[in-house]
Amino acid sequence: MIKSKDYLVDYNVELALKKEGLTKADYIEICNRLKRSPNRTELGMFGVMWSEHCCYRNSRSLLSNFPTTGKNILVGPGENAGVVDLGEGQRLAFKIESHNHPSAIEPFQGAATGVGGILRDIFTMGARPIALLNSLRFGPLDTPINVGLLEGVVSGIAHYGNCVGVPTVGGEVAFDKSYSGNPLVNAMALGIMETKEIVCSGAKGIDFPVIYVGSTTGRDGMGGASFASSELTQASIDDRPAVQVGDPFLEKGLIEGCLEAFKTGYVVAAQDMGAAGLTCSCSEMAAKGGVGIELDLDLVPAREKNMTAYEFLLSESQERMLFVVEPGKEELIMNKFRKWGLQAKVVGKVLEENIVRVIHEKQIVVNLPADSLAEDTPVNKHELLEEPPGFIKDHWKWDETSLPKVSIKGVHFKENNTILDWNQIILRLLDDPTIASKRWIYNQYDYQVQNNTIIAPGIGDAALIRLREIENQNQNSNRGIAAVVDCPNRWVALDPERGAIAAVAEASRNISCVGAKPLAVTDNLNFSSPEDPIGYWQLAKACKGLSKACVVLETPVTGGNVSLYNETALPNGLKQPIQPTPVVGMIGLIQDINSATRQGWKDQGDQIYLLGTSIDPSILNNQNISLAATSYLENIYGLKTGRPPLIDLEFEKLVQLFLRESIANNLIKSAHDISDGGLVIGLAESCISSGLGIECNLPEIDNRLDKLLFAEGGSRVLVSVSPNNIHNIKNSLNNFNIANSEQISFNYLGTVTDNKYFQININQTKIIDLSVNEITNKFERSIPRRINSTIVS
């Protein structure tokens, strides 16, 4: 370490660096910048601000390649949330963020405060929150620990969202052993702008007052940002001070107080206190505004006695915000919050010099360059593997010829001379918790509060929310916002680039399946340690795939979150990384919600078609669709292997365009994309959603029948069409294909029936014959059965 007398400190540097998650190189860099050593409080501030959670030091160079501009983009990355222009004077703020590590330690509060934090990102921009979604990952539901994590997380999300009065309208949940002990909790929020001007976070106005509003500051959440930037270990279980405690009723008042304050026009800048608390809010506001901030901790409302400057600055107590307001308007603004029972005090002022100066007990305890804390932060350089890791190459060598033979009867297992018939296989897939109904989860959420939810969870491929006029909430509007979260983590684990492409493509396809036009993306990159060459390779390749897909599908990235070090220390000293999980949150706009389509069949006699990639045997034999990386492969053979198919993005774009045009023209009555589980599971899900049966006749195939039934990939959508519209839609597609020099297929599959049976024939031979009641029971009972049996055992 530095030995000059000018750099003497009154603390053990090595122990302090370990606690703050900093390296010796970081410490030397800090000293060089300051021309002195930092005191212990200042070192803590650098620890949180230079963590991956706050400054993206391992991922920033990769994120810079994302497309971030477009004709509808008003605010991109760098602010609390992205904002898009919806036309007709309406603007939407939206963002996704993670709360993974806190949820692993304290699932209820970790998930609840994750919801509270993402809501603050939205209303800090001047938007009223209108919807929540979540993307969750857990280990298998065969251990009390994983069941407890699921129950705690879902209860926390439900508690906060329900109490604050914002509907949780959609999401996705998947299960894999890699998430055991390290669940993923990603929360997404949407809000409609209520203010004329978008409220930004950059401070300005020398000597303008800085106002603290919201809850009091306590010792909860100490060092949460640093905690979120390291792996989970056994010691983390005792790190409960790093988990915050939220109050949704207080947040409800904060929403109203903020929107009222913003509408006065006297708020110059606003920043919520999330990760790193006061440290992050004041340093980011100063750095973004090119000014400084002086903060007097003696004026900050405290929840506990004898708090140190370190504790004040690193506390992550919830429901707090920092404002810069015009001089002379302090009381006017503060009264907006006091009437809601909230704290509101002037705690500082804007400085001309670009520094963060903190006073505690009448002494200056912090004097740091704002840019060094929040803008000019370190970037870790990693060598990118030139070739895929060896185990990935081995997976890519797999092909379908290694599987047992199949026939009309089912799969023939030679080793024990048994046949698993197609009915049994379908029921097994529908019982997979990742595929099965999530009703046990979403029934705990209030998804109808605010009375704007048009498509609720479990009904359509994306959530759909009515856009009401801000000035007149009683006036109906025909326009709506579609929203979805997606990530095929099994695909990403086997090919991060192709898996990330598929995540964007599927999210966009889901938006299109309800009739909405995809507009923009917010992403949540959940990965393991970037210091592991494989972990960094996965992150880099996934970012490349996301960028490619967003460019082609014209869905710019407006911001998001990076969550690294998602791995669990095992008793044997090894580490268990999660499957790489780049979650894509996407929003879209529909002009007429009355034309929106759901996934369930509508009427007996409607005809069922497969739109997009053909089921022609010649297509089945190419790389567009495959049994590699499928749910079928994992559930029936216990294999997670193969190389996922590559989505043809240009073809995908055209399929979605034709789908949306057909929905808008009322040519299609239902739409459901084919993804997890393949064609037959997609058909089954539409039967379950509607309660109606089907009789389908699929083409005979020379090679593998299971590929026809369960392959994944391609750009494929199941649609149902009234017999009266068959000629019109075929004629429309023919003209579309000619105009675009493309061959989008439209394969007839069968008919919707009212006999309540799920029947599929091959060359007039019935291979699948199940009652809709039977497949529904299997689908609906999967998660509750596992939870109940694990609790009992």
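Don't overthink the numbers, they just go from 1 along the chain as shown.
Note that Cβ sites are derived from N, Cα and C of the backbone, with glycine treated the same way.
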Need one residue: from Arg91, Arg120, the one Swiss-Prot lists with Ser98, His99, Asn100, His101, Gln244, Glu316, Ser317, Gln318, Ser563 for substrate. Arg120
What is the interatomic distance between the Cα atoms of Glu316 (substrate binding site) and Asp523 (ATP binding site), given in whole Å? 23
His99 (active site, proton acceptor) and His53 (active site), compared by Cα position, are separated in whole Å by 11
Between the binding-site residues Tyr56, Asp121, Gly560, which lies closest to Gln318 (substrate binding site), Cα to Cα? Asp121
By the count of other Cβ atoms within 10 Å, pick out the sparsest of the binding-site residues Asp272, Glu316, Asp523. Asp272
Compared by Cα position, which of the binding-site residues Lys95, Asn100, Asp121 is the closest one to Asn561 (Mg(2+) 1 binding site)? Lys95
In angstrom units, rounded to an integer, how far apart are the Cα atoms of Glu97 (Mg(2+) 1 binding site) and Tyr56 (ATP binding site)? 13
Reported as an integer number of Å, what is the Cα distance between Arg120 (substrate binding site) and Gly560 (ATP binding site)? 14
Using DSSP reduced to three states, classify Asp523 (ATP binding site) as helix, strand or coil. strand
